[in-house]
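According to TrEMBL:
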BINDING   A:Arg357  substrate binding site
DOMAIN    A:29-351  domain 'Aminotransferase class V'
MOD_RES   A:Lys211  N6-(pyridoxal phosphate)lysine
Number of protein chains: 2
Amino acid sequence: MTTQAQKAIPLPQVEARVPIPRQNLRVPGPTPVPQQVLDAQAAPLINHRGPEFSAIMKRVTPRLQYFFQTTSPVLTYPASGTGGQECALVNVFSPGDHVVAIIIGNFGTRLAKIATAFGLNVTKIEFAWGEAADPNVVESRLKEISDYRGVLITHNETSTGVTNDVKTLAEIVRRANPDALIVVDAVSSLSSLPLEMDPWDLDVVFTGSQKGWMIPPGIMMIAASERAWEAHKTSKLPRFYWDWSSTRKNLEASWQHPTTPPVSLFYALDEALEMMIAEGREEIFARHVKAGEYVRGRAQAMGLKLLSTDPRYASNTVTAIRTPAGIETKAILKKLREEDQIVLADGQDHMKGKMFRVGHLGYFTQTDLEQAMDAVETRLHELGYQA
Amino acid sequence: MTTQAQKAIPLPQVEARVPIPRQNLRVPGPTPVPQQVLDAQAAPLINHRGPEFSAIMKRVTPRLQYFFQTTSPVLTYPASGTGGQECALVNVFSPGDHVVAIIIGNFGTRLAKIATAFGLNVTKIEFAWGEAADPNVVESRLKEISDYRGVLITHNETSTGVTNDVKTLAEIVRRANPDALIVVDAVSSLSSLPLEMDPWDLDVVFTGSQKGWMIPPGIMMIAASERAWEAHKTSKLPRFYWDWSSTRKNLEASWQHPTTPPVSLFYALDEALEMMIAEGREEIFARHVKAGEYVRGRAQAMGLKLLSTDPRYASNTVTAIRTPAGIETKAILKKLREEDQIVLADGQDHMKGKMFRVGHLGYFTQTDLEQAMDAVETRLHELGYQA
């Protein structure tokens, strides 16, 4: 190894900045943010250990509990949704613990990967991309699997546009193994789709700010049942940043955090929760139902095929559409972005280039969806598509 | 365990929001943010997998490399500074690895705690709060310690207002153990105080957005030397969220991230780096030298005692002042906040209530510091202080 001094790094030449464009952002996160929430971020910074910040947390926390439908404290971290996946696992399990991962797409796969990376023993119950977890299959598979400490479930699979029936799946798990910890990835569902943590007896639920919450990415929210807090006490996976105990202690002692929270994003969250409560939880759900039905209806009316195979499980936050034969996914996405300022998402993993996804969660109007689907129709035909 | 359904959680009553006050925020992070940077956050959201976001990363990354003084990629994560501490350790070490932690205050203690939590074998070289790490002591102690894989050093100890001579300490470590990984916590120093990662042959360096970078909290930045990247290959600590490989791969392939980055904070970082480069790196350093000298000079002129025992190591980003006898720390902080809209920080850990800290890093003017120190003088006298 060298110990020689290196040369100084000169000032780099970079490309000039250009204004951020205003687009019809129809990816499944980051989602568009209302102007008043964007503006809320621009308030001056405050001390995260002062009373002004505590006042925000004191307002935001019970409102998050309301959207989670839990009496457990909702903890918040500076992180992405993937941070929620890691945080959920390292707080309740120990090396070698056996967990069952119910996988229906890319984010279910990721959760299982994290479990494996942390030394858990993972048994997978996998379904093809586009399918939901079939409750009957899960029930019979669980009978063959023994000694599992937890079951990992994706509520809404962002990569396929499929929503699992978490309520039914949780009932099945609870019957099969009353003490199992039910870990639910609700990143792209919570606040947009019905999910009731306590009534459904879920143990760990987490979500991300850039999805249904109408704010930019950067805050991860997570809550744990009494059963999960009990498991936390004896869980031996190494942790510090994600540790629930210190986060809960600071929240309960002073409505604060053990480390520095993303203050400006909490201004946004405070504002967005005000708007969400003004709209109403049921009304938000209804708006998402209508959006899902509209986007799927338009796609099918154009003769396009959805990835989701069963209408009962089609997601009301994101629709995955198979790219029709003869059309390049890249080409349609580029055309929409450059000519219509409409941004859709490509497929992920092995479905990259084979599908595109339309996000319809958080802050959107019916006009946004109409404009997007009109443009998809026009541009596909321009590229030679015939239904 | 019960499996009974829980009652629904009703909409909570919360206290009404009040406007965020404009304060002279003189804590050592979060630091004040220039209006144009605050406003930059309010741009519409974009796709983190699109060309607009890549353009930001393509501009921001080489500029971060310039401030780090490294040719290594600077990786960014949605996280606080503590996330940087954890990220630094889990990427290069394996369970049971022996590391030496040089501790001069609360954040050095925290880094050692994280190392212990992850199963490393930690030997501490501790100095009293207020002291810097004495290079001679470190050199002689290192001769007695064998088989260590890394040395953990705090550049600027936010809890005590002391800056270690990292350049000299790194030379000592390199002489003692050429292959040791030198991990530097530069959270409250980088961009404000001189630090040259490659010329000083440092292996892992990390910082946080809410300190010298003039933006809100929420982005953690970290870089690793070739020696650290080599260690990364065989490091066995469990990791996923913090994994450097996937973050580097996404950065190099497409100027993007493996998970969703805090997009609005990157708008702020892009704007802030523009301002920082317009001001000039050396000029920023000079402004901080002047600030440190001013605040210490004013404190001493009032007859107050600094926690920092040796002027050579007094920090130019934060000054820790012992609360004079007969004065309650809480009372002076409350008075300043409520009557002058000036926010200082209390001491941490065993020094809570025994000192107060004045932050002077990132975005500030000489007038901000004068106003703060004038008010400290006035309010201390009102509380009965006599020099």
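Any Cβ shown, glycine's included, is placed from N, Cα and C.
Caution: TrEMBL annotation is automatic and unverified by curators.
When the Cα atoms are compared, the residue listed as 'N6-(pyridoxal phosphate)lysine' and the residue listed as 'substrate binding site' turn out to be 14 Å apart.
Across the domain 'Aminotransferase class V' (A:29-351), mean pLDDT in this model comes to 98. Secondary structure at A:Arg357 (substrate binding site), taken from DSSP and collapsed to helix, strand or coil, is strand.
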